[in-house]
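As annotated by TrEMBL, disulfide bond applies to 57-405, 261-275, 429-434. Taken from TrEMBL, the feature signal peptide covers 1-21.
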């Protein structure tokens, strides 16, 4: 009798724990680079304790590299969702013809219409994206009031964006938050400010991937291989969906439903339709396939991915050195730059994070300095540092804050890196508050071995290939 009671209690506790784990799983935090900023902001490594900024240290310059905010699906993807609408009708009709019960089919599938149906254009910044950048601007001003206490001038507060509308719109939203209450326009006392852009064809700082011929060749060759790496996971989940719902889903259906899940959850806060088709473990696997693609095509999977971003790293260093010179020569306030604020894309933020040595799996920093490819992120349920939802969510950002400290400290100038507004340790420094000279020596200089033209324009006789990466990743699937 006692055994029976113990067994019932054990079963009840197991079900309770399973139910709790299921409730604790928030799909909106597992959408790779389609994740909204607010869903993951503040999710940091709990084992890391940020440095206390020493007394006598004051911020004198900030570099910001940010991704645009949450956007609508692109025109191509809107068409895919329109096709999904027709495809679901075909699946339901097929089940009826086979005289199968539709009791297991979620009710939302019957008569589902794409929320983006009829839209002729896409990819624009949506209101949630505007709010992300607007709020970010307000928080940065509140966090660094001494940096933003001067009258606005574009040479003091330089704002740059790519020519893509969602990036420039993000810059405008950010500037509205940053300078709110400092002007004379409207009830919010807004002010006009300048946002500058380079032509897409020549933007080496923020769209280096568009002008790097070797990268474009690499990506064209590798995209099909990356698709192959995803297939075993998609096939496994497709089989589960077919058994679960008695509909003849294909691999492409699973891929499209996962895309729909990401759009619904991120843009519309709908998690009980497409996302509910998948279990938490399946979502974790689908997220991992997206993260794997990000790693291979934009991250540590090929050193070319981040080598081409060196001009941006040099621009950041130049801004710091100019700020130090102004400090040393005691330039008059308002005569030198205090912030360089950039707004671009995941293809910008991800390589830049790699150049800083962030989010590798613990032992890769030496390989990064030697410009070697790293091993792919481990497959769930193993833990990993490389997660697209953290590395480059919508509005994801890296801030490099330059501090001037009193002469009696170990160094006169320090750099602190904040990723998504939280301090993050720099592998090349061993902490998050790095002496400026050490930052240059260990993080910047190792990447200056070759210039942009050598990396991007000179055809290599033996270009870095991905078969070894593909083989490794396949064996871990």
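Note that the numbers count up from 1, one per residue, in the order the chain is shown.
Quick reminder: no glycine exception, Cβ is built from N, Cα and C everywhere.
Taking a C-beta cut-off of under 8 Å and a sequence gap of six or more, residue 261 (disulfide bond) has these contacts in its own chain: 27, 31, 273, 274, 275, 277, 278, 283.
Each residue contributes its Cα atom, and for residue 57 (disulfide bond) and residue 429 (disulfide bond) these two points are 18 Å apart. When other Cβ atoms within 10 Å of the Cβ of residue 275 (disulfide bond) are tallied across all protein chains shown, the result is 20. Other Cβ atoms within 10 Å of the Cβ of residue 434 (disulfide bond) number 24 in total over all chains. Distance between Cα atoms for residue 405 (disulfide bond) and residue 434 (disulfide bond): 12 Å, as a whole number. Other Cβ atoms within 10 Å of the Cβ of residue 429 (disulfide bond) number 19 in total over all chains.
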